[in-house]
Each structure stands twice: as C-alpha cells, then as structure tokens.
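Below is one structure; the comments refer to it alone.
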Amino acid sequence: MFCEQCEQTASGQGCHQWGACGKSPEVNALQDLLIHCLRGLSQVALKARELGQNTHEADVFTCEALFATMTNVNFSTKSFTEYIGHAIALRESLKAQLQPIEWSDLANFTPDFEDDLVQQGKDIEYEFISKSASNVDIFSLKLTVTYGIKGLASYAFHAQELGQEDDRLYAFCHAALAAINRQDLSLDDWVNLALKVGEMNLRAMELLDAGNTGTYGHPTPTVVPLNAKKGKAILVSGHDLKQLGELLKQTENTGILVYTHGELLPAHGYPKLKQKYPHLYGHYGTAWQNQTKEFAKFPGPILITTNCLMPPHESYINKLFSVGPVGWPGVTHLPSPNLIPDYSPIVQKALEMPGFVEDGELRQVTTGFARNAVLSVAGEVIEAVKRGDIRHFFLVGGCDGAKPDRNYYTEFVEKVPKDCVVLTLACGKFRFFDKELGDIGGIPRLMDVGQCNDAYSAIQIALALANAFNVGVNQLPLSMILSWYEQKAVAILLTLLYLGIQNIRLGPTLPAFISPNVFKLLSQKYNLKAIATPDEDLAACLG
Ligand code: SF4
Ligand code: SF3
C-alpha cells in the first residue's frame, strides 16, 4: 500500500505495510480504486453538465465518497465496495441519458466485481504511482490537489446537508478529479490548480457557515459544562451539526442528556441547538486521539458523525453507531434516507445502558466566539489595539494528534505574553482550551472561534480588522500558528495561501507529500515556514 495523506504517516514518509491510523492495505486499495472510478464518473459528469444534464446525484455522491476516503473516516471494505458499485452505476446512468459519445478508457473503466477488487485497486495504485512519480514535484502537487479536494468535498457535503449548495463547487470537484491523470500540465498549472482548490474551499466553508448560522443562528459566547450530570447519556462525536440537531430532535422528552465530543464542542454556541434543546447538556472528553480511553468510560451509546474515528476497542465497539460517510466493520451504521437517520436504536441503547450515576465536579469552558460575536465587540478590540492594550493576535488552530511534538502548541499558548490575544479553532485547541488566560479590559484572551471549517469565521474576523485599520491582512498584528493532521487542514491551508496570507507557521511536521522543491516554492512566495520552538517563533512574531 501507499498512503501519505496525513500527518501521522509512518516515519513521516508514507504508510506502506499498514496505516498508522489503522487503515488496512485492503481498505487503502479499495479507496484508490474508488478514487479512480470517481475520476471516470467526473469525466462523464462534466460532459453531462456541459450538455445541460442534471448531475446532482453524482455531485453529492462524489463529495460523500471523497469524504469517506479521508483519514479516520471509513475503514470498511464492504462500504467501499458499495461506493465503487454506486460510482459505476451513477456514471452509466448519466451516460445513458446522453447521445452516444466516444468515452475515454477512464470513463469506461469498470472493475470486475466477480474478481478480487482489492487486487484491482492495488494495480490501479501501482499504475498511478509509476506514471506520475517520474516528476516528483508534479506528483507532489497532484497529491496536494487530491487531498485538498477531499477536505473541500467534506465541507461541501456538510453544507448540502443544510441546504446550501453551489454548482460551481461540484463542477470544480469533478474537473479537478478528472485532471489528476493529465500528463500535459506544467508545474505552474498544478500550483494554480492547488490554489484553485483553496479558492473553492473558501466557497465551501462560506456555504457551510451559511448553512450552520442560517439553520442554528449565529454562535454566541456560551459556557459549556465539562462535567457529567447524573442520568442516561448519549455522546456525539465528529463535526456534523445537522446530525447532532436531528439526534437532539429525536431525543427530546426522553430524559436522555446529549453530550458533544471533539469537534462538536462549538455546537453549544449555536442558539437553536443549545437554547432550543436544553438536554444538550455538556461536552465530554478532549481531542480525537484520546477517544479509546474516553469512549470506553462513557456510560452510554456514541454516535460518530465524521472523522476522527480510531480503531474501536472490543470493550466499547457495541455501543458505537456511525452515520454518513463513516464506517467500521462491526459498528452499527444507521442509514440516512433523505439525510435523516432513525436514531431510535441509539435511544434504545441509551435507555439500556447505566448512564452517569452521579454528578461530576463542576468544570466548564466557553465557546462561541465566531465572527458575529467577535465583530460585535470589534470597536472595543480596535480601541484596545490603538491604546496598546492588545499588542498582537495569534491564531493557534488546526488539528490535534497523538505525537508528543504537538506539545509545542500548548507551550506556545502558555508563553503568549499577557498583552496578546489567542484565537483558536479545530480540535488542536483541546491542548489548552480550558486554560484560564483571563481578559484584556473585558476582551477574553482565549477565544474559541469554532471547528476547523470555522477558519471561514477567523478569515472574516481578520479581514474586518484589516479593513478597520485600513491595512492588508499581512500587515495586521496577527500571526497564524497552525497544526495539521488530515485533509480538511490541507484544504484550509490552500485557502489561506490563495488569500495571499504570508508567514504561516505550520507543524508539527511538514506534509510528507510536499516535495522539497514545492515547499521551497511556497516558502518563497508566501513565506510559509515550519514551526521552530515556541520561544523562537514568539520572538519572531512579536519582533
Ligand atoms: Fe497512513 Fe495517514 Fe494514510 Fe492512515 S491516512 S494510511 S496514517 S498516511
Ligand atoms: Fe480534528 Fe480530526 Fe483535524 Fe476538524 S477532528 S480538525 S484532526
């Protein structure tokens, strides 16, 4: 197998024997086969779109299928076999609606479902690598585009669940997928395509922001209990607000309390989730890599809506449920007809399980500092900067992970001087989210902007500040200290580069799929750098 799409890739070079995430070579081969089939589907969908044919089913399916291939989402051979079958069926159904056309080999490729699909996936993977690897830099950019598209597709998938869609996004996903096999594009073309992924990802995050705020209201600063409350309980993990909202609706008046886990913490900031459903009680646990301990202890069923799912232990697998693109053999998957699963098996499980037998010691944290909340105090923030009370802003955001070198981010936040403000987002914040950093004249020194996709909100805050000070974003007293792990972070990084944001510090290690030349190019153009030590980086940012 060959996979180097995430930060924990084996030895920082690529997973070859078995995924460090727990992905088997079989699943990896089926994912590669699925991507290959999606490229063929993309060619046909592009043509169909050009001829005015409705491609909506193929559009949404492409996003979901790409999402399923992201790190820590789906580990089920059965699920990928079904996705492959569906990709071919959708492609053929689109073709059938068009006049006869001479299709390419890619658009005609159909795996032999009677034969070993895993071996066919391995053959496809070998062919792709051997055709592309002769030019290391172009290969690097092809992978960057592929991984960025996966992140973009995941956000587009969530946005459409909330009724927000843009045909340009779907058309771009198909165009980029169809381009991956092209041999005629130059290095510059590939760099531009990677930046285009960033541009389109900004649109995807904008749509998702519109979906989230349009459906659940603008987040407001909200105190969230971190302790347990006596009673039956359900835990919801992942990123999907729509599925959390549906589960809350279906658990109303059952007496069951619902807890968020991981990237769903910011859900508490949305008025139409927290205020509408008082049984959305609190947040349980920390970042994804601690789930094997945290899930084992949780006394109720657990719903996984997206990444990051780790290989479940036998001790708790039977209380896990998955929806959407998520899958693990042996975990109960709830089908989603019209995007809304029937959550009664989870309710039933919660009622059977003990729940929390006593209240835990009160601990809490505040979330909900999305763009509306921050910009509502923009005047005070600007005055505080002008008076010199606030010297600098740090956006310390991104993914968490198990490696000890991620302690950099905790140490960085601890060492941020008292006259500086830290904005944070995504699951990396769990290293420091409950630290009491105090405030500067009533403005909190640590503000949780939200999930990884709320990078959109952070961008809007930065643009508004730049506008207020009449400078460009790069001239603001703002430094971005980012941590990456999976492909959503790749998409967000490409968005920031597309926006021309300079001086980003990236860690804990640089992506294995970025070749030295491509990194050199990005550092020359954007001054993108690897993190050093918290002291060195702080000194450089404040200097
Ligand atoms: Fe390895 Fe990451 Fe790929 Fe998993 S997703 S196989 S850990 S590179
Ligand atoms: Fe975290 Fe997986 Fe990336 Fe949404 S939940 S940021 S790692």
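The backbone N, Cα and C atoms fix where each Cβ goes, glycine too.
Those TrEMBL annotations? Automatic predictions, nothing curated.
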Review point. If TrEMBL says HIS239, CYS308, CYS399, CYS427, CYS452, GLU486, LYS488 bind hybrid [4Fe-2O-2S] cluster, which of GLU263, GLU294, GLU380, GLU383 does it name for the same site?
Key: GLU263
Review point. Around CYS308 (hybrid [4Fe-2O-2S] cluster binding site), which residues of its chain at least 6 apart sit with Cβ under 8 Å of its Cβ?
Key: THR71, ASN72, GLY262, TRP288, GLN289, GLN291, CYS427, TYR485, GLU486
Revision key, fill the gap. Here the Cα-Cα span from CYS15 ([4Fe-4S] cluster binding site) to CYS452 (hybrid [4Fe-2O-2S] cluster binding site), rounded to a whole number of angstrom, reaches 25
Check your understanding: Among CYS3, CYS6, CYS15, CYS21, CYS427, which binding-site residues lie by ligand 2, judged by Cβ under 6 Å to any atom?
Key -> CYS427
Practice item. Find, among the binding-site residues listed as CYS3, CYS452, the one whose Cβ has the highest number of other Cβ atoms within 10 Å in the structure shown. Key: CYS452
Point to revise | Neighbourhood of CYS6 ([4Fe-4S] cluster binding site), C-beta criterion under 8 angstroms, separation at least six | key: CYS21, THR71, TYR485, GLU486, GLN487
Check your understanding: Given the binding-site residues HIS239, GLU263, CYS399, which one's Cα is the least distant from that of CYS3 ([4Fe-4S] cluster binding site)?
Key -> CYS399
